[in-house]
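TrEMBL annotations:
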type	residues	note
BINDING	Cys164, His166, Glu200, His224, His427	Mn(2+) binding site
DOMAIN	247-339	domain 'Peptidase M20 dimerisation'
Amino acid sequence: MIKRLTKTRTKYKLLCFPIYMEWLRLLLLLLLLTSLAITNHVSCSCSWDLEAGPSLELSQLSRELLDSARQPEFFDWLKRVRRRIHENPELAFEEHETSQLIRSELDSLGIQYTWPVAETGLVASIGSGAQPWFALRADMDALPIQELVEWEHKSRNLGKMHACGHDAHVTMLLGAAKLLQSKSKEIKGTIKLVFQPGEEEHAGAYHMIKEGALDKIQGIFGLHIQPLMPVGTIGSRPGPFLAASGRFSVTIHGKGGHAAFPHLATDPILAACSAVLALQQLISRETDPLDARVVTVGMIEGGQAANVIPETVRLRGTFRSMTSEGLNYLQQRIQEVIEIQASVHGCTATVDFMLEKMKPYPATVNDEAMYKHAKNVGETLLGEPNVKLVPMSMGAEDFSFYTEKMAAAFFMIGTKNETLDPNTIWHSPNLVIDEEVLPIGAALHAAVAISYLDNIDAAVTY
């Protein structure tokens with residue numbers, strides 16, 4: 001019995017031995033892979049995680065920055081700066097006094113900057129000067145609009161107004177500069193502050209890039225006021241956010257004459273009307289219904305008397321798409337349609353897309369990782385319910401040029417206050433914003449930049 005039991009045990013051991021060896025082999029392989037993963041993580045100099053959720057450090061940083069920006073002395077300074085800029089609006093590439101104000105404030109803070117860039121722009125630097133570099137951007141120009149809001153700090157420049165909130169954008173970035181300078185020794189890299197001219201129709205961002213102002217920058221963040229969102233909220237979306245946009249100017253040439261004898265004239269007004277109607281078919285019959293595109297003729301000018309057929313008619317309009325391919329298609333077809341419609345009516349047409357004077361804007365496409373990073377910071381600063389996922393918009397922004405060059409995120413920041421006029425929107429002569437947005441924007445800018453560099457630094461080679 002004992003001998004038979006011994007043989008059974010021996011046979012069992014022999015059968016199990018290969019299984020033991022296989023387990024041992026798998027265990028050694030697992031240990032080797034773990035070792036390699038740790039080694040790769042420690043030695044990696046370029047991988048970083050912007051998608052991690054809010055940390056205790058980020059919560060403390062965000063709260064500290066916002067509390068500082070809301071201190072009465074700090075907040076009063078922000079309001080004074082914004083109101084000085086609002087009183088003195090300047091159009092694209094004419095922002096000389098606005099640029100001087102910015103430089104004066106940076107000088108008082110002891111912040112170095114490069115000026116001029118793209119005529120009136122400047123780029124300030126805070127931190128060690130070493131890589132990595134991260135940028136924050138504000139646009140400076142105003143609009144050719146007569147302000148109708150009656151208040152102490154109404155625009156003093158006839159026919160000019162900060163009706164798109166760029167006065168607030170500059171102020172929030174100067175506020176961020178003050179917050180960042182107080183922490184300059186803690187910044188793990190360099191933060192560039194981009195004060196950009198000519199956003200309204202003149203592609204100032206393109207010119208800043210062309211002059212090398214954003215070379216060697218890994219990422220950028222920007223804010224734009226949103227008068228329809230309450231103060232204390234922000235919103236954006238990953239991927240395509242704002243449309244690509246172009247403009248066109250058309251002159252249709254005919255033969256003038258008396259309205260009583262139209263057969264002796266060649267009527268450019270009739271040709272212009274046909275062209276405007278035909279352009280709408282580019283959207284209704286040539287565009288996928290699920291693909292967002294726009295063609296709008298916003299100006300028609302022709303004739304000075306009711307009984308005279310004019311010699312020429314002028315049109316101006318805009319076309320938009322969420323993709324560069326869609327924009328290029330519309331540009332080609334707009335020219336074809338207008339020229340053919342003019343020809344059908346015996347006229348000729350010249351179509352100018354103003355490619356240099358008013359360079360077309362590409363679509364604004366948020367980098368997904370950068371969007372998630374800014375979203376995490378916003379949720380930490382303002383609370384998760386106050387960070388909104390907003391729909392795509394056919395509005396356009398020249399921040400899009402930055403999104404083509406580097407990882408970028410562009411967010412809307414709410415300025416609505418029900419006790420003020422709640423129904424105004426951008427480019428309105430009645431635009432009113434709640435200045436409580438200023439410390440929020442300043443703190444958000446600073447927190448996004450500091451935490452970005454902290455996340456990169458965490459993965460630098462040891």
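Glycine too: its Cβ is placed from the backbone N, Cα and C atoms.
Cβ environment of His427 (Mn(2+) binding site): Leu143, Ile145, Ala163, Cys164 lie under 8 Å away, each six or more residues apart in the same chain.
In the structure shown, across all protein chains, His166 is the one of the binding-site residues His166, His224 with the greatest number of other Cβ atoms within 10 Å. Averaged across the domain 'Peptidase M20 dimerisation' (247-339), the predicted model reaches a pLDDT of 97. Across the range of the domain 'Peptidase M20 dimerisation' (247-339), the DSSP-based residue counts are 36 helix, 32 strand, 25 coil. Its Cβ placed at the centre, Glu200 (Mn(2+) binding site) has 19 other Cβ atoms within 10 Å. For Cys164 (Mn(2+) binding site), the count of additional Cβ atoms within 10 Å of its Cβ stands at 23 [all protein chains shown].
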